[in-house]
Amino acid sequence: MRADEDNLYREQLPNVGSLIRDGGRKLCRPSTVTNKFPILKWLPRYRLEYIMQDFIAGFTVGLTTIPQAIAYGVVAGLEPQYGLYSAFMGCFTYIVFGSCKDVTIATTAIMALMVNQYATISPDYAVLVCFLAGCIVLLLGLLNMGVLVRFISIPVITGFTMAAATTIGSAQINNIVGLTSPSNDLLPAWKNFFTHLTSIRLWDALLGVSSLVFLLLMTRVKDIKWGNRIFWKYLGLSRNALAVIFGTFLAYILSRDGNQPFRVTGNITAGVPPFRLPPFSTTVDGEYVSFGEMISTVGASLGSIPLISILEIVAISKAFSKGKIVDASQEMVALGMCNIMGSFVLSMPVTGSFTRTAVNNASGVKTPLGGAVTGALVLMALAFLTQTFYFIPKCTLAAIIIAAMISLVELHKIKDMWKSKKKDLFPFVVTVITCMFWSLEYGILCGIAANMVYILYSSARPHVDIKLEKIYGHEVSVVDVKQKLDYASAEYLKEKVVRFLNNQNGETQLVVIKGEEINSIDYTVAMNIVSMKGDLEALNCAMICWNWNIASAGVVCRLNNDLRPIFKFDLSLEEVVAGHFDSPSNTASTVTIEA
């Protein structure tokens, strides 16, 4: 009997040999290779009729990407061409490693804002972070750590996105009216705007505000019922390109003898960037800066940028998966490779772009091959159109950024949270406030921490229902634990049971702890069960653990062999009580008392 109990309560450890063998077999399967290189899945099934649809989608996305890339290069504090450098390599790399046909990889406003603080020191910092962030994301993807994304809730993501969009849009409020601002932060940008109202440039303000109104109205063009619906759809999708073309043409024809009514982008370095290793050291103001010093300057961004980029691409992939399961780890592999390869062509950190992905989806893209057209279009722009980009008004680029940010401020989600669960507004508000008035990096960490408070509080204070029942003439306290126990809740359970018994003035002779819903416990819980038994004995009360999971019971029994008899299985509550008091069978009567 003792040997049977030893086997029953023995801890079931994983078979390391079997795990290694299974892992080796899995690595050798063809499906493992195709999962890591999704192009091997869809390319053999590629149809000829897909070519035109992929071309149209890629071309349309390219028209959106070029002006946005130039604008986000400026947001990052870099020369405009760096935005274009960041807009093509990710398109080509994602074709091989990406698993979602709609996703478009490029720099985003949030990524640009997060690198601004050190990219202004030297572009080499942005390129190095692109490489290091790619390595971190790739490693996490190869280790199948996509599950980590689940620990960041939608209220936190929503709060971060809205705060970032508000900050980025506010930073452009000066550019849209022709002012220069010393800072891209929220409050300094608005302070500069209101203290320099008399310096507003009339022509910039007229073109900037007109462009913004035009862009917002064009988002509604697709809803026009009369005429050719396809024409209206693509007209709306081309709104950014149309705004840039009109603004550039206007700036060009109004320029006279070097006099320009608008603040324009200026010279953009022509040509494709050289393919070379990312900079592991740099020179700033004639002084050599080592790799270690660069890392020290970047600081917390090495953690926050990979995190934000992962969040963006996984959220976008899920939004456009259309019923398919998104492999978050594979998307991390793809994103990591996009950043690593991008760093060889002077790219700043990139991730999935919601705006361009939405355009890609609306354009009817069939496969990731549409990204090749987008990437090729950006390369052509770098090679042949940089002189034209000189005349792009900064107010037009500001209007494009503000219009894109307005679409990210989803106020309806606040209403949904209020209707669904008001407590979720707490992590949302914490994220918004800290991101807007502190920093994006620490803001999202504060939001995650605030969200974890709920999980920890729930874990530390499980729902425990204690009823006083009279069975066969004996007072029995039945403790019903409604969720699993862990180290955080161990002390709470003991305190609640002991406090309840003290209130009964010694009338209770037996405590029965029901364990149907206790599917796992840890060492701390086991220690508290042992300690609680001693506390109950001091109160002249016995303890029985009824219908516990075998694995949970085993943790206690391996810790203290003497506690094996307190675990009872496959018996009714009446039989357990009868066996304890050795009483004849009687009908049980129950009296419920509030714990």
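Each Cβ is built from the backbone N, Cα and C atoms, and glycine gets one as well.
When TrEMBL is compared with the stretches 160-180, 370-390, the one noted as transmembrane segment is 370-390. Per TrEMBL, the stretch carrying the note transmembrane segment among 332-350, 541-559 is 332-350. Using the rule of three or more Cβ pairs under 8 Å, pairs at least 6 apart in sequence, the transmembrane segment (193-218) is not in contact with the transmembrane segment (125-144). Contact check: the transmembrane segment (298-320) against the transmembrane segment (332-350) gives at least three Cβ pairs closer than 8 Å, residues 6 or more apart, which meets the contact criterion.
Secondary structure of the domain 'STAS' (476-524) per DSSP (helix as H, G, I; strand as E, B; remaining residues coil): 19 helix, 11 strand, 19 coil. Counting only same-chain residues 6+ beyond the ends of the transmembrane segment (55-76), those with a CB under 8 A from a CB of the stretch are 82-84, 86-87, 104, 106-109, 111-113, 115-116, 119, 126, 168, 171-172, 184, 234, 237-238, 240-241, 243-244, 265, 268, 348, 353, 355-356, 359-360, 363-366, 369-374, 376-378, 381, 389, 392, 394, 396-398, 400-401, 404. Ranked by the number of CB pairs under 8 Å to the transmembrane segment (426-457), the listed stretches 103-119, 125-144, 230-254, 332-350, 370-390 are led by 103-119. Among the recorded stretches 125-144, 230-254, 332-350, the one sharing the largest number of Cβ pairs closer than 8 Å with the transmembrane segment (103-119) is 332-350.
Among residues of the same chain six or more beyond the transmembrane segment (332-350), those with a C-beta under 8 A of the stretch's C-beta atoms are 36, 73, 76, 78, 82-83, 85-86, 88-90, 92-94, 96-99, 105-108, 111-112, 114-115, 119, 123, 126-131, 133-142, 145-146, 272-278, 305, 309-310, 313-314.
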